[in-house]
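Peer 1: The following block contains the structure, expressed as structure tokens.
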Amino acid sequence: MLRQWSVQASGEPEPEPAGEELWEQEMERLCSSQEPVRVLPYAMVDKRFIRLREPEGVKTSCWQQWRRRQQTAGRRLGEAGALYEIGLGPRLGASGPTCCSPQASSARNPSPTSPSFASCLLLNLLTLLLTTASSCCPLTWLRPPDRGPALNFSECLAHGGNSAPRAHLNPAFNNTYLFYGAYRAGPESSSIYSIRLAYLLSPLACLLLCFCGILRMVKGLPQKMFLGQDYRSPLSAKVFSSWDFCIQGQEAATIKKHEISNEFKVELEEGRHLLMVQHQTRAQRACHLLTYLRVNILIGLLVVGAISAIFWATKYSQDNKEVPVLFLLLQYLPPGVHRPGQLSGSLLFVFLVQLENYPPNTEVNLTLIWAVSYLLCFGRNKTSCESYGYNACDYQCWENSVGVELYKLSIFNFLLTVAFTFLVSLPRRLLVERFSGRFWAWLDREEFLLPKNVLDIVEGQTVTWMGLFYCPLLPLLNSIFVFLTFYIKKYTLLRNSRASPRPFRASSSIFFFQLVLILGLLLAAVPLGYVVSSIRSSWDCGLFTNYSAPWQVVPELVALRLPPPSQRILHYLGSHAFSFPLLILLSLVLTVCVSQSQASARAIRGLRKQLVWQVQEKWHLVDDLSRLISEPGSGDSLGPESPHSRGSRPRSFCPGFPCPGSPGPRAPRPEPSLEDPAGLCGVRVPVRSCRFPSGSEL
Amino acid sequence: MGGSGSRLSKELLVEYQDLTFLTKQEILLAHRRFCELLPQEHRSVEESLQARVSLEQILSLPELKANPFKERICRVFSTSPTRDSLSFEDFLDLLSVFSDTATPDIKSHYAFRIFDFDDDGTLNREDLSQLVNCLTGEGEDTRLSASEMKQLIDNVSNGAGLGWAGPGSRREGLGFGLKLSLSQILEESDIDRDGTINLSEFQHVISRSPDFASSFKIVL
């Protein structure tokens with residue numbers, strides 16, 4: 001029957017008898033197995049033929065069909081749910097969720113910074129909501145009393161203070177909720193809502209909320225850190241499974257190709273770097289260490305120099321307030337010094353880090369660390385009013401001044417971003433496109449430096465966090481700025497920039513961005529804690545005029561409102577007797593976490609060794625098999641599971657391709673293919689002996 | 001030519017459901033899309049089952065247009081002697097393998113055939129080079145350089161002929177990234193060290209990659 005089919009189909013000469021026999025055996029095996037025909041990798045024609053030869057046929061019953069439909073529906077529901085969870089549900093459009101894998105969807109949204117912008121915006125909005133709900137709205141409801149008596153100027157002169165006018169602050173804004181000074185409340189009592197407590201605790205609660213929010217967003221350390229520097233992820237699986245067949249548009253395909261290419265290049269470059277490091281001689285390593293030290297000392301000096309410059313600039317601007325002409329300029333001198341300092345600093349950091357020949361990811365991450373630590377040192381100075389030599393008499397409401405500075409910094413940063421985009425990048429792009437000459441070709445478009453752009457976000461967010469106590473509505477301003485900055489940066493990225501030639505791994509950089517954001521948050525919380533607990537508020541404005549430090553509201557309220565047992569409990573919680581056991585407990589927890597991670601690392605090393613042993617076992621088996629098979633007379637005992645000879649099959653079966661499990665190409669080998677039955681479904685059995693790869697090579 | 005005239009018979013639908021992984025709606029949709037590729041006067045049911053559509057027309061489908069492997073896919077599923085046209089049943093086979101209910105085994109089998117550019121039954125170095133070039137695209141900035149390609153794939157002279165030689169000139173001779181190149185694709189996948197990847201080795205590698213099945217999917 002098989003012969004008839006083949007003759008009818010294509011009129012070919014009869015196949016060889018041995019191949020025919022093998023094919024018959026294969027057919028019998030297929031017919032006797034209980035697999036449904038659809039799982040066989042043959043063309044429809046062949047599958048129909050096989051089905052007809054089955055005695056009863058494995059026809060799917062209605063019950064099986066129904067089950068299949070339910071499973072399909074369940075799987076599709078699960079996939080759609082997964083897509084909605086990663087936020088892509090509403091954007092899928094006409095193709096529907098079932099067609100797209102998450103890979104295809106992410107290929108349409110390739111920006112690595114868009115999650116950063118989204119998370120920042122969310123944090124700002126949450127902060128704003130909390131502040132408004134706890135302080136502004138109750139304040140508006142409860143209608144606080146009028147301003148208290150102003151500080152007597154004669155007292156002030158008696159203190160020998162400099163009676164410079166407070167002309168830098170526009171009186172119109174002074175009394176709005178934008179600033180600390182506008183918040184007023186009567187003396188504490190036991191029944192009404194304590195605005196002081198709400199105002200005090202809301203920045204702390206916001207910082208805690210942001211901290212938890214960022215922790216939740218952090219997806220975990222990149223795998224590389226656990227698996228060690230010399231671990232390389234299996235590239236072969238990546239090569240074979242990286243293309244997403246769901247991709248339909250040409251642009252999405254181009255983006256995906258870029259993504260794949262970048263990934264390969266990053267992997268290969270890291271591998272090359274690793275090899276280079278491993279082959280360094282001792283002298284080279286010493287040289288490398290010296291360069292490293294030199295570069296880091298240089299960077300440290302740069303940071304110190306920049307901070308002193310800003311300090312000098314601020315002091316100069318404060319000392320020279322009475323010169324009206326330069327007044328406006330001096331107002332913006334501190335941010336004006338800070339910003340170019342940061343800009344040149346970032347570029348210099350990138351250059352210096354490249355000198356050290358770090359692999360690409362480390363470069364990006366190090367640049368982020370250095371620039372943010374520079375920024376934070378600057379920021380810390382701002383909130384400590386003694387460092388500026390603010391005299392309490394000069395500034396009847398110094399908190400407002402600090403708030404003003406922070407608003408100015410925020411606005412200045414945003415204006416600078418806008419100005420840079422439209423006054424530098426855009427003309428640069430237009431000029432480079434219009435003119436062609438060696439200079440313009442050298443200038444080229446602006447390179448999109450990811451660290452610098454991510455830093456802008458972190459900087460703005462840190463300033464907002466520092467200002468939560470002095471300018472409660474700063475998150476609102478920052479939200480608007482973040483929103484607009486996203487679209488401006490997107491415009492710059494798409495129109496005015498060219499891609500950075502240095503590939504980097506976006507996933508670990510995003511993790512690092514989140515880490516740096518947490519660092520910024522913690523370091524913004526430190527001056528806030530210091531101010532709240534130790535600095536005396538100004539006499540004239542704000543909620544804490546009668547307290548030695550804002551934190552003193554809490555003990556007062558505790559004494560006023562809570563029953564004595566609760567007061568005792570709270571006293572105990574705040575005392576040393578509680579903090580020492582708490583510290584000990586936290587140390588224990590930390591020890592447990594550290595030892596757990598070390599144990600995991602050991603387990604991973606053990607598993608890697610096991611993997612090597614398993615591969616060696618495979619080699620043993622292959623070697624044994626080759627010995628067994630090459631012995632004469634043993635070939636018959638191993639029945640082939642699948643036919644292997646191309647010529648033995650009629651043309652209608654899978655034309656152009658050998659059957660599944662066939663051995664490889666017709667390479668010039670001494671033994672003919674018939675004596676080499678692929679008993680193990682396609683494993684080529686080399687007759688020569690094989691040497692096992694050693695553990696270090698894997 | 002009307003709506004009822006171009007519907008497949010019930011028996012045929014049941015048979016197709018048995019022979020493929022597609023549901024009834026998917027088969028009907030596939031038939032409709034296939035008929036759209038035929039000229040107007042040949043769109044009846046009988047003719048659509050016998051007709052063959054040229055490769056260029058299939059490649060114009062939006063689901064395949066942007067795929068770098070589109071020619072290979074069509075050639076693999078074509079049952080014509082010259083492998084340049086697809087019948088309706090070939091088209092159904094294609095959609096069945098790429099549907100989301102197909103087993104990972106059959107997907108990996110056909111993936112192997114698609115990646116085997118020279119149709120010799122194994123993935124050798126040239127196949128892998130062509131595969132990587134398809135993945136990275138033709139642009140100057142995305143294409144891997146020759147040395148990078150070598151680093152990624154190259155293992156042939158060491159792995160194919162002589163087994164693993166000791167450290168020596170052979171390794172240094174092939175360049176800087178050689179030790180790494182020995183640890184790349186062929187080393188990871190080629191179990192029997194013959195310099196090529198055959199079907200079972202390929203399926204073994206693919207089984208370690210969990211998102212293969214979800215990305216090897218085409219749905220109309």
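Each Cβ is built from the backbone N, Cα and C atoms, and glycine gets one as well.
Take a look at what TrEMBL says about it:
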{"type": "COMPBIAS", "residues": "A:657-671", "note": "compositional bias 'Pro residues'"}
{"type": "DOMAIN", "residues": "A:397-507", "note": "domain 'TMC'"}
{"type": "REGION", "residues": "A:1-20", "note": "region 'Disordered'"}
{"type": "REGION", "residues": "A:632-680", "note": "region 'Disordered'"}
{"type": "TRANSMEM", "residues": "A:121-142", "note": "transmembrane segment"}
{"type": "TRANSMEM", "residues": "A:197-218", "note": "transmembrane segment"}
{"type": "TRANSMEM", "residues": "A:292-313", "note": "transmembrane segment"}
{"type": "TRANSMEM", "residues": "A:406-426", "note": "transmembrane segment"}
{"type": "TRANSMEM", "residues": "A:467-488", "note": "transmembrane segment"}
{"type": "TRANSMEM", "residues": "A:509-530", "note": "transmembrane segment"}
{"type": "TRANSMEM", "residues": "A:569-595", "note": "transmembrane segment"}
Peer 1: Are the transmembrane segment (A:569-595) and the transmembrane segment (A:197-218) close enough that 3 or more Cβ pairs fall under 8 Å, when only pairs 6 or more apart in sequence count?
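Peer 2: No, these stretches are not in contact.
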Peer 1: Calculate the per-residue pLDDT averaged over the domain 'TMC' (A:397-507) and state the result as an integer.
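Peer 2: Average per-residue pLDDT within the domain 'TMC' (A:397-507): 80.
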Peer 1: Could you pull out which residues elsewhere in the chain have a CB under 8 Å from any CB of the transmembrane segment (A:569-595), counting only those six or more residues past its ends?
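Peer 2: Distant Cβ neighbours of the transmembrane segment (A:569-595) are 558, 562.
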Peer 1: Take a look at A:292-313, A:406-426, A:467-488, A:509-530 and tell me which one has the most Cβ pairs under 8 Å to the transmembrane segment (A:121-142).
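Peer 2: Stretch with the highest Cβ contact count: A:467-488.
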